[in-house]
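Peer 1: Let me begin by handing over the structure; questions about it come next.
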Amino acid sequence: MTMAYENFQNLGSEEKNQEAGKAPPQSFLCNILSWTHLLLFSLGLSLLLLVVISVIGSQNSQLRRDLETLRTTLDNTTSNTKAELQALASRGDSLQTGINSLKVEVDDHGQELQAGRGLSQKVASLESTVEKKEQTLRTDLSEITDRVQQLGKDLKTLTCQLASLKNNGSAVACCPLHWMEHEGSCYWFSQSGKPWPEADKYCQLENSNLVVVNSLAEQNFLQTHMGSVVTWIGLTDQNGPWRWVDGTDYEKGFTHWAPKQPDNWYGHGLGGGEDCAHFTSDGRWNDDVCQRPYRWVCEMKLAKDS
């Protein structure tokens, strides 16, 4: 009897323990959803990191290729410069040797002249030859000097561009190849003609703008390098009053219009007025139809030293 009572108590205790061990179904479902959200967030974060790493790797790879290309160009330019200098130096030595030889002949024939007047014409001919050789040598030396100076500028430009590329091109510190530096700006002079809008677009694609003339000194510099060729500048009134393409204040700035210009003339027969400015053959400004194919000048500002 006592054992049966104890078994009954044990059975009741086990049922209570089992009921106490059951977790509420709703709490278990919330746990599953929380873990699912956490897993999805982890997967999304992993995918985002993978994309960022791929983009950075692609940019680094492109930068390394650009650096290698520029380094190869620099090496080739340096090698070609050395070869040209050696060839020019050899040519100069040869010319100098020829001149020295001719001078010796002149001296020899000068002594013969003392013994016979019939040699005077030959001496005069030799002196003329020496003079021509010397003139040729001076011309060659001048060409050598100009070439060396240009090669030095090209080498400086390549070195500067390499440094700029290493700094991710954050600022323009030097002019690109075939651009001309003057007073903190780089200038590129076209050799063909385009309508004003196309010329403006071309300069924008080169990270520059159609030239903005800010002073008489800049006007004279541009005119010196353009000569008498009609050339577009970055000044237009297509959308209202006259304005410079870089936002420079036209009303307070420098101008150099020809007499009675701008006149917005309609008698050209091309439709509309004249909304774009250009240099005339004497350097003064004129407004004209924007679709005429004139040459143009691009301008790029250099970064100031910090």
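Don't overthink the numbers, they just go from 1 along the chain as shown.
Each residue, glycine too, has its Cβ placed from N, Cα and C.
Residues or ranges marked as topological domain 'Cytoplasmic' in Swiss-Prot: 1-37. Positions annotated as topological domain 'Extracellular' by Swiss-Prot, on the basis of sequence analysis: 59-306. Summarising the annotation, Swiss-Prot assigns N-linked glycosylation site to Asn76, Asn168 and lists sequence analysis as the type of evidence. For Cys175-Cys186, Cys203-Cys298, Cys276-Cys290, the entry in Swiss-Prot reads disulfide bond, with the evidence type sequence analysis.
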Peer 1: Report the mean pLDDT of the predicted model across the topological domain 'Cytoplasmic' (1-37), rounded to a whole number.
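Peer 2: A mean pLDDT of 57 is what the model gives the topological domain 'Cytoplasmic' (1-37).
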Peer 1: Return only the integer: C-alpha distance in Å from Cys290 (disulfide bond) to Cys186 (disulfide bond).
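Peer 2: Cα-Cα, rounded: 25 Å.
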Peer 1: At the level of the C-alpha atoms, what whole-angstrom distance separates Cys298 (disulfide bond) and Cys186 (disulfide bond)?
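Peer 2: So the alpha carbons of Cys298 (disulfide bond) and Cys186 (disulfide bond) sit roughly 8 Å from each other.
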Peer 1: Measure from the Cβ of Asn76 (N-linked glycosylation site) and count the other Cβ atoms within 10 Å, all protein chains considered.
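Peer 2: For Asn76 (N-linked glycosylation site), the count of other Cβ atoms within 10 Å is 10.
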Peer 1: Can you see whether DSSP assigns Cys203 (disulfide bond) to helix, strand or coil?
Peer 2: helix
Peer 1: Might you list, by sequence position, any residue in that chain lying six or more from Cys276 (disulfide bond) with a Cβ less than 8 Å away from its Cβ?
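Peer 2: Those within reach of Cys276 (disulfide bond), by Cβ under 8 Å and sequence separation of 6 or more, are Trp196, Trp232, Leu235, Thr236, Gln238, Asp287, Asp288, Val289, Cys290.
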Peer 1: Do you know offhand how many angstrom separate Asn76 (N-linked glycosylation site) and Cys175 (disulfide bond) by C-alpha?
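Peer 2: Each residue's Cα considered, Asn76 (N-linked glycosylation site) and Cys175 (disulfide bond) end up 20 Å apart.
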Peer 1: So of Cys186, Cys298, which of the disulfide-bonded residues has the fewest other Cβ atoms within 10 Å around its own Cβ?
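Peer 2: Fewest other Cβ atoms within 10 Å, among the disulfide-bonded residues Cys186, Cys298, is found for Cys186.
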